[in-house]
Structure formats: structure tokens, C-alpha cells
């Protein structure tokens with residue numbers, strides 16, 4: 001035994017000499033609340049397990065020491081850590097002033113503690129106001145700081161605090177590639193940044209298979225089954241307390257209506273928490289048979305509860321980070337986590353005026369099971385962090401150096417830049433031309449290819465494949481990573497199967513065509529297909545006037561008349577994929593014949609084909625040309641000639657355009673009375689000629705309750721291609737509800 005002890009000491013001495021470090025690294029870990037301890041505890045266990053390298057000092061402050069928040073310092077003692085110092089730093093009041101006073105009190109008390117402990121390095125976690133006091137004290141006292149979870153983005157004041165701690169910290173442990181890139185963008189030294197993953201994932205990814213039924217029974221009752229209960233955890237948003245309390249009230253109303261057993265955790269100590277607790281008590285949550293309201297759940301047990309829940313709801317970072325490890329459905333409420341990277345298990349409810357939207361989200365999410373997400377870690381964060389700590393050279397200068405980027409004319413061709421320019425292949429199948437483009441995430445058309453659309457199915461499909469292959473090859477040269485192919489085509493489309501059911505007369509041999517399979521097989525990329533009108537609406541939703549608008553309608557005024565309807569941020573397809581055939585709204589029972597076979601459709605009056613038909617009639621009767629106009633003998637009469645004649649004072653042409661505008665306006669009035677959008681977007685080459693006429697008809701014919709609708713002309717140069725790209729790009733970004 002003595003021999004092996006001496007051998008161990010000799011090995012320890014050799015390691016220390018190799019690292020150029022003749023003493024153990026004295027590490028101070030300061031924890032402020034239950035949430036940051038769940039991230040710091042795995043690191044603390046790792047440090048404690050290697051006493052030959054580290055000496056651990058634990059400082060406890062903040063809400064850990066408050067009875068109303070569960071006296072959570074006890075779980076640190078239960079984990080067998082010696083607490084060297086307890087600092088009562090929270091000034092009660094739960095408002096903005098109390099938060100500021102708490103930071104000030106911590107700044108007053110911490111210097112004495114740090115002078116006594118004299119740590120080599122302090123580990124600080126996250127974005128809480130307590131952590132800002134810790135980082136400020138350590139920085140001013142020349143103590144090196146290791147910041148956990150820097151570089152992330154979220155809502156509220158937490159963002160500013162997190163980035164402020166980043167600027168004070170000497171070393172950074174981040175959880176995601178995006179966070180690492182944010183730190184580099186903030187001019188932090190790349191050599192002092194470790195992409196480790198979230199420490200809590202080291203425990204999460206091995207936790208789900210443990211015994212859990214006893215834990216569920218203890219907290220929710222013996223009659224509760226897995227996947228049949230909800231965990232709710234909602235905190236105040238300090239930058240908009242009033243709104244966050246209203247959102248919490250609506251959440252509780254929705255949970256009461258949803259009628260499932262629910263575990264509600266009390267909010268944190270931030271400004272506004274007192275008012276949230278009042279709301280809970282006003283609604284009788286603590287005594288409601290379906291609710292269990294608790295101040296604190298030990299992290300090991302909390303893991304099991306969320307892992308086997310039917311849903312988690314609230315605005316805690318735990319919902320968008322840790323819960324993804326289990327694939328549990330999450331409803332993220334409000335703006336507190338805006339900007340966080342999330343898995344597909346997270347459904348965002350950014351705003352809610354009534355409980356209905358939250359209740360609908362519960363109906364959509366409850367009981368689902370999503371793939372497990374490892375965005376925030378792979379279970380090996382702690383070994384990486386310990387190795388990083390051992391590599392710290394205390395002989396290096398303490399003063400931070402910021403790495404300001406040089407200005408470069410050329411674009412680097414490394415993998416990070418390629419990942420930043422994620423793009424889609426967009427295909428537009430028009431009546432005349434076939435176009436393929438590379439479209440970036442920001443809606444920039446990087447490269448565009450145009451060919452005449454072949455007349456036969458075989459030639460058309462062969463040309464699509466040829467152009468897509470060429471574009472995909474070119475994407476490598478322009479640093480674009482293609483995520484998928486989006487196709488915009490005329491006709492009725494089944495977007496679920498990627499099949500053109502039948503097309504307009506403008507595109508021949510284009511019925512019952514499976515576009516997804518051959519293109520996906522050839523390019524080894526996912527393929528999405530939709531109607532050109534729907535694609536135009538998607539383009540407006542992502543890049544145009546429809547961005548952020550809940551309900552709007554887009555009408556394309558071109559060769560034909562088409563459109564798309566967006567209701568509650570979602571595109572409406574209809575039961576047989578025939579919704580939003582807006583060009584075929586009938587505005588006259590005895591009007592001109594339409595290409596669809598009916599009479600009096602909007603398209604029969606206001607489309608480019610209809611205007612061309614009327615222009616030909618005038619030209620045949622020698623009534624088209626007026627002074628200032630001329631036509632070559634072989635020139636084909638078009639809608640453009642009719643518009644030109646009207647501008648030059650041709651009364652007949654003016655009358656035709658007025659009738660066309662009136663027909664379009666009447667159709668839009670019908671749309672307003674049916675779906676009641678807040679915005680109408682006119683797109684296509686004829687939009688500018690119709691916008692005033694449409695507004696006039698709405699003012700004359702519409703009900704007073706819809707006359708306030710905004711009617712605008714699209715500012716998108718190429719909505720068909722942008723809409724096709726949106727089919728791909730929307731799928732690759734987080735869902736917004």
C-alpha cells in the first residue's frame with residue numbers, strides 16, 4: 001500500500017513538472033441559484049475527483065440562501081461539497097431596484113471573501129445579475145475568470161449581462177458552434193475559447209434509463225402515468241414585467257382548461273416574481289387538484305420529471321436547452337429565450353393575447369415524442385473543461401488581449417464561411433421560361449440560370465435535372481452549401497408528396513407528375529414542391545411585406561392571376577390542395593370566358609392574357625394605336641401596348657383597364673370578407689397598374705370593418721424563385737408559432 005501511494009505521488013509530481021506548475025490550481029466555484037448549480041455541479045465533481053491537480057473552494061450566494069426559493073444550498077451539502085462561504089446578497093423586493101441593490105451588496109461583500117481565498121481562477125456561470133457581481137469583483141481583484149456558457153443569445157437583460165461577463169472573463173467555455181462564433185465576433189482570443197458543450201448534458205444523456213416512476217409519484221401523485229403530465233416553469237421578463245405577468249396568467253388559464261396534471265415550479269428571484277406568485281395564488285394553483293406547486297425540485301429528480309413529461313411549458317432556458325436531450329415536447333413562451341438555438345421539439349409562442357393560442361399549442365405538442373437533440377452537448381463536456389483548466393499557464397500575463405479582426409477584401413474559403421452561407425436551389429417553372437437559382441438564407445440570388453421551358457414532359461424533366469446539377473456544382477465555387485431544392489410551378493400541387501396533380505394550359509404535359517423522387521434521387525437532396533401562388537406568399541412571409549404579419553394574402557398579377565393565403569403564420573393549402581386559386585373567383589355571371597372553362601373569373605378580366613385579348617380586339621378594329629404609338633408589322637400585340645395606349649389617352653384602353661381593375665378589386669373584396677387578412681400584397685408585372693383601382697373598389701364595396709386593410713405592391717424582384725427557396729430555408733430554421 002505504501003509502495004503504491006509513493007508511486008502515485010511520484011506520478012503526480014511528474015505531471016505537475018510537465019505542465020510547468022508546481023502547485024495545485026486553486027479553483028473557486030461560485031453558485032447563485034438552483035439553475036446555475038445544475039451546470040456547475042458536474043464540473044465541481046470533476047475537480048473534486050482530481051485533488052492532485054485542483055483545490056476546490058465553493059462560495060454560495062444569491063437565492064440559494066432564501067427560504068422562499070427552497071434553501072437550495074442544502075442540495076450542495078447533500079452532494080458532499082464543503083461550502084467555504086455563504087453570502088446573503090439578495091435584497092428582497094423582487095423589483096428592478098432590488099436587483100440593482102443585490103448587485104451592490106454582493107460587490108460590498110465579495111472582496112473580503114476573495115482576499116481570504118486567493119483563488120487562481122474563479123468559475124462563473126451564465127447571465128444572472130449575481131454572476132455579474134462575481135465577475136466584476138474578480139476582474140478588479142486580478143483573479144482570472146472562466147466563464148461558462150458565454151456567447152449565447154437570448155431575450156431580456158440577460159443578453160447584456162452575459163456579454164458584459166464575457167468582456168470581463170479571461171477564458172470561455174461555450175456550448176455550441178454558434179456561441180463560439182459569437183465570442184470570436186466579440187473579439188475574444190480564439191485560443192482562450194473552448195467548445196465543450198453544456199456540462200449538465202454529461203448527466204442528462206445517461207439519466208433517462210434510471211428508475212423514475214417513484215419520482216413521478218412523489219411529485220405528481222401515484223395515479224399519474226408517463227407522458228401524461230406537464231412541467232411548467234416560467235420566469236418574469238425583467239425588460240417587460242407587465243407583459244410577462246399577463247402571459248403567465250394566460251398560461252395558467254390555458255393549463256387549467258387543458259385539464260392535465262401539472263407540476264408548477266415557482267419563478268426565480270428576478271423583478272416581477274412576487275407578482276407572478278400572486279397570480280398563482282389568485283387562481284388557486286396551490287390548492288387546485290390538477291396542480292402541484294413547488295419551490296424547488298432536486299436536479300436529478302427534475303431531469304426524470306421532464307424526461308418523461310407529456311410536455312414542458314414556460315420560458316426557462318432549461319426548456320430550450322436541456323429538455324431537447326430527451327425529445328420531450330416544449331412550448332417556449334414569450335421573448336425570454338429569443339435567439340437561443342433549439343431542436344425541433346420546441347414550439348415558440350412569441351406572443352399571446354388570449355389563452356386560446358397557448359391552449360392550441362398544448363394540443364399540438366402534448367404527448368408527442370421528438371428525436372433527441374445534442375445541440376448543446378455530447379456528454380463529454382467535463383473532461384474537456386478539466387483538460388482546459390490544466391492547460392492554463394498562470395505565468396501568462398493577466399491582462400486580456402482582444403483580437404480585432406483585420407479588414408479583408410477577399411472571402412476566406414474555410415468551412416466556417418461555407419456553413420455561414422447556407423443556401424437553397426430554387427426552381428421556377430413558368431409558362432415560357434424555366435429558371436434555376438442559388439438563393440442564400442438572406443434572400444440574395446447568388447446565381448441564376450434561365451432556359452426556355454420545353455414543351456414535352458421528358459425534355460422538361462431532363463432540363464430541370466441538368467440545370468440543377470450545374471447549379472449545385474457552381475454552388476461550391478461561390479461558397480454556398482445547398483440545403484435542398486424548392487420548386488415553384490403552375491397548377492395544382494400536392495406538396496406533401498411533391499406531385500403536380502394537374503397544370504394550367506400554359507404548361508403542357510404537366511399532370512400527375514412526381515417531381516420530388518427523380519430530382520431527389522439525382523441530387524441526393526431533399527426536394528419541396530408547391531404552387532407558384534403559394535410560393536409567392538411564402539416569399540413575402542420570409543423576405544417581403546408579409547414578414548411578421550400573422551394574416552395576409554398575396555395576389556400575382558401576371559400572365560394569369562394566382563395567389564396564396566397565410567393565416568396565423570401558416571400557408572393554407574385546403575383539403576384537396578386547391579385553396580387560394582384566387583384568379584378563379586367569379587365576379588360576373590356573364591363575363592368573358594376563362595381558360596379554366598368558366599366565365600367571369602378575375603383572370604378572364606385582369607390577367608395579362610385577358611388584357612392581350614382585349615388589345616388584339618382594339619387593334620383589329622384600328623382602335624388601339626394613338627398619337628405617340630407605333631408598331632412594327634410583325635410585332636405581336638400585347639398587354640403592354642394596351643397599357644401604353646391608356647397612358648397616352650386612349651379612352652377605350654382606359655375603360656378596359658378600369659374594368660380589369662374593378663374586377664380584381666371585387667375579387668379582393670370577396671377575399672377580405674372571407675378570410676379577413678390585415679394585409680393584401682399585389683405582386684407581378686401588373687401590380688402597379690392595379691393598386692389604386694383596387695383601393696377604390698375596397699372603399700366603395702367592402703364592409704366598414706375591413707376597409708382599413710393595407711394594400712401594397714410587392715418589393716420583391718423575383719417572388720417565384722424566393723418563394724421556392726423559402727420552401728427549403730423555412731424548413732431548416734426553427735419553427736415560429
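In case you wondered, yes, glycine gets a Cβ from its N, Cα and C as well.
Annotation source TrEMBL lists domain 'UDP-N-acetylglucosamine 2-epimerase' at 53-390. Residues or ranges marked as N-acyl-D-mannosamine binding site by TrEMBL: 492, 504, 532, 581, 584, 603. The active site feature in TrEMBL is assigned to 532. Annotation comment: TrEMBL describes 584, 594, 596, 601 as Zn(2+) binding site.
Distribution of TrEMBL features across the structure.
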| residue | record | Cβ contacts under 8 Å, 6 or more apart |
| --- | --- | --- |
| 492 | N-acyl-D-mannosamine binding site | 500, 501, 502, 503, 531, 576, 577, 578 |
| 532 | N-acyl-D-mannosamine binding site | 428, 429, 430, 488, 489, 490, 556, 562, 720, 723 |
| 581 | N-acyl-D-mannosamine binding site | 533, 562 |
| 584 | N-acyl-D-mannosamine binding site | 594, 596, 598, 601, 602, 603 |
Residues close to Zn(2+) site centre defined by 584, 594, 596, 601, Cβ within 8 Å: 583, 586, 595, 597, 598, 602, 603, 604
Per-residue Cβ crowding (10 Å cut-off), top of binding-site residues 594, 601: 601
Residue 603 (N-acyl-D-mannosamine binding site), number of other Cβ atoms within 10 Å: 28
Average model confidence [pLDDT] within the domain 'UDP-N-acetylglucosamine 2-epimerase' (53-390): 91
